[in-house]
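Taken straight from Swiss-Prot:
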BINDING   CYS71, CYS73, CYS86, CYS89  Zn(2+) 1 binding site
BINDING   ASP482, ASP484, ASP486  Mg(2+) binding site
BINDING   CYS812, CYS886, CYS893, CYS896  Zn(2+) 2 binding site
Amino acid sequence: MSKFKVIEIKEDARPRDFEAFQLRLASPEKIKSWSYGEVKKPETINYRTLKPERDGLFCAKIFGPIRDYECLCGKYKKMRFKGVKCEKCGVEVANSKVRRSRMGHIELVTPVAHIWYVNSLPSRIGTLLGVKMKDLERVLYYEAYIVENPGDAFYDNESTKKVEYCDVLNEEQYQNLMQRYENSGFKARMGGEVVRDLLANLDLVALLNQLKEEMGATNSEAKKKTIIKRLKVVENFLNSNLNANTDSDEAVPNRPEWMMITNLPVLPPDLRPLVALDGGKFAVSDVNDLYRRVINRNTRLKKLMELDAPEIIIRNEKRMLQEAVDALFDNGRRANAVKGANKRPLKSLSEIIKGKQGRFRQNLLGKRVDFSGRSVIVVGPKLRMDQCGLPKKMALELFKPHLLAKLEEKGYATTVKQAKKMIENKTNEVWECLEEVVKGHPVMLNRAPTLHKLSIQAFHPVLVEGKAIQLHPLVCAAFNADFDGDQMAVHVPLSQEAIAECKVLMLSSMNILLPASGKSVTVPSQDMVLGIYYLSLEKAGAKGSHKICTGIDEVMMALESKCLDIHASIQTMVDGRKITTTAGRLIVKSILPDFVPENSWNKVLKKKDIAALVDYVYKQGGLEITASFLDRLKNLGFEYATKAGISISIADIIVPNDKQKAIDEAKKQVREIQNSYNLGLITSGERYNKIIDIWKSTNNVLSKEMMKLVEKDKEGFNSIYMMADSGARGSAAQISQLAAMRGLMTKPDGSIIETPIISNFREGLNVLEYFISTHGARKGLADTALKTANAGYLTRKLIDVAQNVKITIEDCGTHEGVEINEITADSSIIETLEERILGRVLAEDVIDPITNSVLFAEGTLMDEEKAKILGESGIKSVNIRTPITCKAKKGICAKCYGINLGEGKLVKPGEAVGIISAQSIGEPGTQLTLRTFHSGGTASTDLQDRQVSAQKEGFIRFYNLKTYKNKEGKNIVANRRNAAVLLVEPKIKTPFKGVINIENIHEDVIVSIKDKKQEVKYILRKYDLAKPNELAGVSGSIDGKLYLPYQSGMQVEENESIVEVIKEGWNVPNRIPFASEILVEDGEPVVQNIKAGEKGTLKFYILKGDGLDRVKNVKKGDIVKEKGFFVVIADENDREAKRHYIPRESKIEFNDSEKIDDANTIIASAPKKERKVIAEWDAYNNTIIAEIDGVVSFEDIEAGYSADEQIDEATGKRSLVINEYLPSGVRPTLVIAGKGDKAVRYHLEPKTVIFVHDGDKIAQADILAKTPKAAAKSKDITGGLPRVSELFEARKPKNAAVIAEIDGVVRFDKPLRSKERIIIQAEDGTSAEYLIDKSKHIQVRDGEFIHAGEKLTDGVVSSHDVLKILGEKALHYYLISEIQQVYRGQGVVISDKHIEVIVSQMLRQVKVVDSGHTKFIEGDLVSRRKFREENERIIRMGGEPAIAEPVLLGVTRAAIGSDSVISAASFQETTKVLTEASIAGKFDYLEDLKENVILGRMIPVGTGLYGEQNLKLKEQE
């Protein structure tokens, strides 16, 4: 940043361009130099002559003439007197525009504080003087005295408490001290003057050094905080001239006394105008009233002082003056705002600039535009993709200047006046010229709300009659438009550059893909889908079936002559191959480009298939082919939707016959459940849940029945079925409401009403049912309204935080990346690896796990084909470049971003990716739900909540798993964490018996086997191995990673597997709870039926070392007995198409070298066809088991006090149950005393049932007690939009879990102040201590090993903790998977990279931990870029650089903390931002979009990026 020259802004010559913008405090001299005269009178204009009063607020002498080049009295009129000052009225002859820029001033009799620097926290004046804000206000408003010189004064008679400099005294203290110490130099005053003097006398440098010393001396955190606050303000003042030019007067740093105002600037009058309304009234800007109050009070004060009025009156007047100035700057900051004549508070200068209606957002960021119009839209089915219909009347207005020029050019009119007359009369020549003007001149259409870039697109206008704009049906999806009265705005681009941009970038035929996901957005919908679907249907036995046709022409003739039905199955030749198809599908084929393969069109085409077709055509054929293809598709769809004559009638709605039976059955079940509840066998929560389950399943059964009926009806040509099946309109759920039953309804609070609506719409609803229905409908409407506002606000915050992210360079050269794998939630896949990798650049080579060769090199851009190969290769995780790890100085580099999804190519420098990301995330916000879901208070009984079973084949490995045998001989899991059951297949087997050795060298892990004679080594990549914390389920996923079952130094037998690939894993406690029963043994094979999955030839292999040896003598019916058996399916070129591992005990179903189909089962499991269950447990209770043998004793467990006795009626057994509410300090505990002095303690939760008695002898693994899971209070799951905004705002959750910061062993220490103390001791001797509230449920046990990042208590993981403990990459994984879960759950596809861009902005600031020799202060939040620049500067000078840690800021905080003053001020908290910036003399280098829009410069993206790099041309030698 070289030294900038200050640009003087002159009235007539405004600077064309500038490089930076600085905010500073203005000194009184500066204000005077701006002023053109003092405003002395409060008058505005003379009500009779309507001329401004002299010396008043609108005075022409000070501010300039009212009319152009004309003085007030009229002596000088005309241009030629420019610059002359009239002798009579004193007005300078000039352009009247100067009234917008000339300022005046008011000389205040007494200094007045600027309210921003007093009242906005932290109070700057107070901080500098070291006075509390409240006290400072008392001094300024003449209620208290401030000590100017303490002299030798003491507060008490014993002279112990000294009066300090800047102490604040009340009246009584002041009088007392004055009497005693007046002669010894004591002096105190009140009001603005003394504050100004105190500020003027401050020696900032000395204060700075003093504060730094104090900072070093103190140990108290609170003191440090206040010192740092003062330090910041002092440093800001001292550094406020760092970048100014040394020779100009700007070089003086800001002075503290400038925060007090002695000369008050007066705004130029045209910026606070008086507007004459009809009827002789005036509309006055509020600022004028506020100025009038200031002037009145100032003049009155002047008079009183000249008259030598009593002190008390003068004080009062000074206070009133201070209040008047306060109101002018920020009315309403103090308690009582000044009200105007109409009883509403006056709008002060602060209010004018802030808020939605303020200057920034209303006039600078959004302006009204010339050459624009709006009208209602109607559909224009005849238009081409890039056309829109523009009403002639509108075109006439919009293109008027062009038209005038055209009329003159063609000689139809000789003067402009004549041309205007012609246009008014609308002669034929006018229309002729209009056609020519409009041709080739695109217009832009925009539909509000403009949620993403596709809401503004360019079209070539076609002139139409009528008054409505015609819109192409396919672009409706992008605009989110429909034709129920929507309006759109038209804008005309004027400059050649704008026209070119419209034609090249914004034309609708260029915007086929959605920038959010890369899917095509111009997909036919509704009628068009229906037409094409109808065309592609096949009807058995239709007229002309099985005919042979030569081609499309013959088919069309046959259809015309009625001897062939459109749905008839026919045979024909395509590309020299005979195929069977239908007449309709051939018609579809006739509009397709030639390169579309048969399997894309020769089938029933539903909406998804049509979308895939469009995507395919775009990927293969490019823009032009796609645009014309879409138009043909649209025409075909509309034509056949019309010819099909599909309509809805009541007869199409078919009610299932056995509906009544099903309903009666359900009612019977409900009665039974109600009875069990009445008997007290089940809780009310269980009753409610079960009843709802019954009705849900009844509804599902009926819906299935009904769909079957509708599908069979008219051989699949039932109108309603066709609409739903094709995806044109409606869904199975809606049809089921029409034909089966309406189903369960929700109450306004989101809970489900347990009586369903049994009727359907065809039968009609009764009154009660109708009433229940209306709830839902109304809630829907209310929700939508709220949702729109919330989603809009989220978008605005995202835009603001990401607006400065753009692609600046091609490649930043980093080798760093983030490892990604598929995102799963509760075993369902949310986003596959293939989807996540698409359009990204690899940060590391991808190694094929089978051949060990490099599949894709580092730096490869993954397109669809490559992503598909990757998906099929079985690779589970890949390292990719991301915006978070990008090392570009500013912005992001193209390689770290990847493909620009809107056009499917690598992104180009200059692309505003930040804005696109924010739009992509914000735009679907309106489709997300608003609700937080309430989950009931009972445990659900799904299978997955009772057991886990293997889905793949292989053999079992236990990782760290300990088990106890109980009385029945079952194996019970004894670990509470850090253990897992793995399903693996072998990758390397030992060639001979020997000792294993494992060593890490850089990025490699070397596994060697050695006996007396020989040694072999296998090299693995470190990052392919599963890490301990991944195996324990703390972070990442383990599928496809390698596992080493042996440690160094162990003896290993021959043919033993020493390196294994993990196929599935179940960790304790997330997938297998503590005390579950394990049903498999370590090393046990797991057999499944294996389908081939590919066509080809079977070849069997066995693993030797790390290579495969061919085995040929394999026959059908063999049972595999050896580890490491594989089968490979080879394709016709003898390349490997697919490989399967065959576990031991599998039965082989085909001989070696036999040819098979992809659907054949090649390996059968042994007779038991059940899936292999790995573990199972009690679904309703958390079980507590004994870990040692011993004797039980009770602590704090007493019937009738902390527990109740229950008698089981069936068995007559008595058991104790812990009460739900316990007295404070009571902790029911079971203690088992074992051998010696070994004892284990178990704290019991409320509602726990105890199965043992005091003094019982028990054995290891016995069940002591069970806590019902239902007792866990029902949690509200935040979902939908609130969840997204919670994540982006990085809010600390209310019930955040405490998380371990280091790996280590847990120890419980003595409780401290009723908090539990947990200490984690790491192996290297470090330890971390945690104090945990009693209310939290602790999830760890004494003596357990725990990984960093695991929860110590229940609760939600806070994203701040993830960042602090596990680092940025883990945060990246956490945030993206959480946000994607919400969007994918609603069926919205957003590419990860958009979320990454926002996350990279949330991480753009760091917190200084140690400031070294830099200018930062400990605890400062600074942007990474500033931090890096400052450190580089210090290192160059040989100093000590600063150290910082990353922080995660919510999007609002990140946007306000922007490096750019203007963009932060225009976002939120305007006054606060401007206050800070002015004191520090902050520079805004105008690098981002928003500040350039505000200042009206070209924005630095796209072509504007190159405008910054001024190009110099040299002549060739």
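Along the chain as shown, the residues are counted starting at 1.
Backbone N, Cα and C define each Cβ position, glycine as well.
What Swiss-Prot annotates, mapped onto the structure for a quick look.
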residue	record	Cβ contacts under 8 Å, 6 or more apart
CYS71	Zn(2+) 1 binding site	ALA60, PRO65, LYS77, CYS86, LYS88, CYS89, VAL91, GLU92, VAL93
CYS73	Zn(2+) 1 binding site	CYS86, LYS88, CYS89, VAL91
ASP482	Mg(2+) binding site	CYS476
ASP484	Mg(2+) binding site	none
ASP486	Mg(2+) binding site	VAL376, ILE377, ARG447
CYS812	Zn(2+) 2 binding site	CYS886, LYS887, ALA888, CYS893, LYS895, CYS896
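All protein chains included, CYS89 (Zn(2+) 1 binding site) registers 17 other Cβ atoms within 10 Å of its own Cβ. Neighbour density at the Cβ, taken as the number of other Cβ atoms within 10 Å, is lowest among the binding-site residues CYS86, CYS886, CYS893, CYS896 for CYS86. Excluding CYS812, CYS886, CYS893, CYS896, which define the Zn(2+) 2 site, the same chain contributes ILE809, ASP811, THR814, ARG881, PRO883, THR885, LYS887, ALA888, ILE892, ALA894, LYS895, TYR897 within 8 Å (Cβ to the Cβ centroid), listed in sequence order.
In the three-state DSSP classification, CYS893 (Zn(2+) 2 binding site) falls within a strand. Other residues of the same chain near the Mg(2+) site, with their Cβ within 8 Å of the Cβ centroid of ASP482, ASP484, ASP486, are ILE377, ALA481, PHE483, GLY485. Listed in chain order, the residues near the Zn(2+) 1 site other than CYS71, CYS73, CYS86, CYS89 are ALA60, LEU72, GLY74, LYS75, TYR76, GLU87, LYS88, GLY90, VAL91, each with its Cβ within 8 Å of the site Cβ centroid. Look at ASP486 (Mg(2+) binding site): DSSP puts it in coil.
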